[in-house]
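Step one of this worksheet: look at the structure below.
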Amino acid sequence: MNRRNRSNDLNPEPSIENPNNQIAEEFPGNNSVYKSDGYVDLKNNGRLFPIWILKNFKQYKLPEIIRKENEDPCNVQVKLELRKYQEFVGQYLNPQGPYTSILLYHGLGSGKTASAINLMNILYNYDNGTNFIVLIKASLHNDPWMQDLKEWLGRDPSEQNVDNVTKLDRYKNIHFVHYDSPFADSSFMSVIKTLDLSKPTMYIIDEAHNFIRNVYSNINSKLGKRAKVIYEYIMKDKRENKNTRIVLISATPAINTPFELALMFNLLRPGIFPSSELDFNRTFVTESSYPILNPMKKNMFERRILGLVSYYIGATPDLYARQELKYINLPMSAYQYDIYRIFEKLEAEIQERARRRGKQSQLYRTYTRQACNFVFPYVNMNVNGELRPRPGKFRLSEKLADDFSKGKNLDVPDTEKEILNKYTKAIENYLNETERYFQNINKKDAENGRTIINDLDEFKKGFGTKFNSFLQYYQSEGPRSSLLTEMYNCSPKMLAIAFMTYISPGKVMIYSNYVVMEGIDVMKIYFRLIGFNDFTIAREYMGYCEYHGRIDPKDRVRIKNMFNDKNNVYGNKCKVIMLSPSATEGIQLLDIRQEHIMEPYWTEVRIQQVIGRGVRQCSHRDLPMSERIVDIYRYKVIKPENLDPDDTVRQSTDEYVEDQAKSKANLIESFLGAMKEAAVDCELFKEHNMMSQSYYCFKFPESAVTKTNVGPAYREDIKDDVKYDSGLNSKNSIVERIRVVKVNAVYQINTDNNNPVYSSPTKYWYNKKTGMVYDFETHYPVGQVEFIDNLPNKLDKDTYIMRIDVIIPSITGSVNT
């Protein structure tokens, strides 16, 4: 058993009552006081909160997942019903209690919208006048929200219209606002004007990280205001009305900066963190090259968010294919390095000019990022790597050109349509000339008796024995086609991807931040050079398809359905699908065996979203269990060992971007780890959440919870709270293992003619060294065994008599869902 700061991983039975204990929680900005039996007030006796959860919600503790040998978890029949972790949230936030707001930090496949709808049902059943305002991205309206409302929204017995959810009485209380709309703020205020504000209001914000990122952008740039207007209204409502409830939903609560979390928690519990990013970072972030949550302030961060986070891992790891992650570093060819250096110097000049003007170029490292993927070969004086068409020569705006390169849907002003057409023709000419150049080399190779197909077959035959990677093969001695060398000269990455795809035992997913030119466009050329083609005309197992903004939406749906079809499990119709940023959300790919991430991105969350497109819950169920393995290749090119004399930058742009993303990810992960530890349900759900990683759940020391005056979880004033150091991760906290034994024990509940009346004997865990007794199921401290003459007092030889030292409030019953 683990013991923390003199508090344990053991916990008591819910039959220990404290009938006279009344808890009062004052709501910020409201003079009324919420009085309720059986609850803990975080600002009064909040140190009891972690063990109060265990006592009152032990029925929601998740059991260990045990699979039978050779049992396929994806073929286990699962009944369509709310899971324990979903029911817990409804009971924890029940309208008769003082807790009103939460962040549902629940992973993929957890049924987050169903959890939110369950809360709607509970609140509606308690007060059918409750207002529900659901803030979502427009793309989420039909799927999942309307679909899940149809499935999960409760019905009164008198309601007969089973299929049409929009006619349900309780649906009339639900108001949707699309926070990504250009009119989001006015739409939101229009909804507010229609409501009866004397009734309770619940705000539900789905994909809350996107909404908060918009708020952060409004605050930081001082340009927009849509999200900020909504955010400030909700916060004001929360401050002034005790009946206001907020549910934030996110599997990835922060994207770019931990201050996004401060904005979230200040919405849930106004004023809990500094409203200035500078002040927040000074308090909670270390000053170092690789900053993290300050270990000296981690305890305070966790105490201040107690009660605000529910964490559930989502679909458990056994439902996913196994991932084999491989970071691939490929040295630039001499030719690629020469062209890269030209663009590196050009970018430095652009940045310097922008600095002098007091602006920042939107093209930050764009040229070298593209050159890391591919540089055009020297075909002739007009078509070569150095003269690659650039939007500036066509007077095309940087933003439009960047969106165009990423394959986004463009709403082009008439003034720029003709310019864009000229730019597009110049690009097409470059691509056509480049492909002809490569094909001519291929013809000469055929005449010489050694083609790239020979190289591919040799690589396939020797992979796993003579060669463990493409680079090892490329650098080995032996005959090679000229095309192989030239393709490497222009793009080590794309050549490696083509070779690994050739030997893949199944379907392949390729992602690039770029569609035009140095992304999917050129990747298709590389594939055609090794015998692949568009799936509509390709031979079996040699087809590719595309899924990005330049493909018509209807065609995208058809392509996805074809690729995922049961007749294409191994890729006989289409082996390769190529994705762009527009596919980071909303697409699920089945039976993927290889994923190739062509370049790093500024935020690790983007890459994880991409990886998740091909590794979803039971996305490999059509494959035998032994084949449910996905090799994930993450590429970057590095500069050659010998740099130019005037090159003082050792890192390539690929390396720089990855380094920035990792630093940002480590910082955010340090905060997310603290949130997992402080989650209200940490102990309840740990059998699932800790299947793939282990950590300690936040609790206060036993010495703190056995006092008569227990004390608050945190001090409201953060300056005072800094000194209030207690619990997991506090300065003097320790984690140690203790030895316990199973015993029967009783405690006195009354007297009869001066004779003690005891409770029924119950199983507990007993620490002989300290005399502490712990709940048998959830391991929280209950009390201590009484000692007489240094011997434990017993009712009989098998039953100990204990003293209740930890007075934990109890709630009874549950709310109607």
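A Cβ is built for glycine as well, from the same backbone N, Cα and C atoms used for every other residue.
Swiss-Prot assigns the feature motif 'DEAH box' to residues 206-209, out of the candidate ranges 10-13, 206-209, 714-717. The record gives His106, Gly107, Leu108, Gly109, Ser110, Gly111, Lys112, Thr113 for ATP. Within 8 Å of the mean position of their Cβ atoms, the other Cβ atoms in that chain belong to Ser115, Ala251, Tyr312, Gly314, Ala315. Its Cβ placed at the centre, Gly111 (ATP binding site) has 20 other Cβ atoms within 10 Å.
In this structure, the binding-site residues under consideration are His106, Lys112, and the one with the smallest number of other Cβ atoms within 10 Å of its Cβ is His106. Here Thr113 (ATP binding site) comes close to Pro144, Trp145, Asp148, Trp152, Asp206, Ile249: these same-chain residues lie at least six apart in sequence, with C-beta atoms under 8 angstroms from its C-beta. Classification of Gly107 (ATP binding site) by DSSP places it in coil, neither helical nor stranded.
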